[in-house]
């Protein structure tokens with residue numbers, strides 16, 4: 001399996017996992033659901049950035065900046081949703 | 001004009017442009033300028049949406065529960081698959097094969113996103129839910145509508161690349177399409193799933 005196809009399979013699996021999580025959404029605390037779906041989203045965004053947008057081929061400075069931006073955005077979204 | 005006289009300007013044309021720090025990015029630097037700008041704008045909008053939800057959690061949760069998370073999930077699978085096919089088309093070109101079958105499939109699959117989105121908007125509008133309903137739906141229409149316009153633009157770009165399929169065009173068009181994909185994988189959980 002090539003990297004591109006493996007990345008696609010990971011993205012599909014995580015999306016299906018997020019959809020499954022929704023069906024349990026009423027029986028578990030909101031912060032757990034929010035954390036799970038946001039972390040899944042963050043990992044999917046990282047995979048797209050790294051393998052589809054080929055940031056793994058970028059210079060180390062750009063890699064740090066782009067991955068750091070992703071961590072900052074998802075960190076903020078997670079902090080805001082969990083603090084409620 | 002002599003052959004020697006032509007050599008200098010032609011060689012100058014062939015030299016790669018110096019993009020400064022942007023040279024460290026893969027594919028077309030101008031496309032990356034657009035991608036970086038879009039990521040900043042969308043990041044600010046997403047954080048703004050999250051803050052607005054914390055200011056009025058009851059309205060936002062009641063409104064969110066009216067969205068069809070499965071429909072959003074299907075559209076996520078559609079965009080992910082379309083992005084994968086676009087990436088395969090770039091890889092095919094690099095290997096000397098035709099990129100067109102994968103790129104045409106990417107466009108066809110990507111079109112499904114807009115069809116699903118149109119059904120979703122029609123369902124909401126027929127239920128009387130508009131951009132004026134409340135803050136949640138103002139964000140919903142603004143963010144998903146802004147994204148859907150990018151999907152439409154991406155499909156146009158990929159269709160142009162299908163006709164003129166140089167490696168540079170393919171990489172540039174695919175980069176735009178992956179950005180659209182990237183924004184959606186953040187937008188989808190944030191609006192459709194987070195409570």
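Glycine residues also receive a Cβ, built from the backbone N, Cα and C atoms like all the rest.
Note that the coordinates shown come from a computational prediction; the quantities given were computed from them, not determined experimentally.
Averaged over the domain 'Heme-copper oxidase subunit III family profile' (B:31-195), the predicted model reaches a pLDDT of 96. Per TrEMBL, the feature domain 'Heme-copper oxidase subunit III family profile' maps to B:31-195.
Per TrEMBL, transmembrane segment is recorded for B:31-52 (among others).
Residues or ranges marked as transmembrane segment in TrEMBL: B:72-90 (among others).
Sequence annotations record features per position, and here TrEMBL assigns transmembrane segment to B:102-119 (among others). Remote same-chain residues near the transmembrane segment (B:102-119) are listed as 71, 74-75, 78-79, 81-83, 85-86, 88-89, 92, 144, 148, 151-152, 154-155, 158-159, 161-162, 165, 170, 177 (criterion: CB distance under 8 Å, separation of at least six residues from the stretch ends).
According to TrEMBL, the feature transmembrane segment maps to B:139-162 (among others). Packing against the transmembrane segment (B:139-162) from elsewhere in the chain are residues 38, 45-46, 49, 52, 63, 67, 79, 86, 100, 103-104, 106-107, 110-111, 113-114, 117, 130-131, 169-170, 172-174, 176-177, 179-180, 183-184, 187, 191: each is 6 or more residues past its ends and has a CB under 8 Å from a CB in it.
Per TrEMBL, the feature transmembrane segment maps to B:174-194 (among others).
Within its own chain, the transmembrane segment (B:31-52) is flanked in space by residues 22, 25, 60, 135-136, 139, 142-143, 150, 172, 175-176, 179, 182-183, 186-187, 190-191, which lie at least six positions past its ends and keep a Cβ under 8 Å from the stretch.
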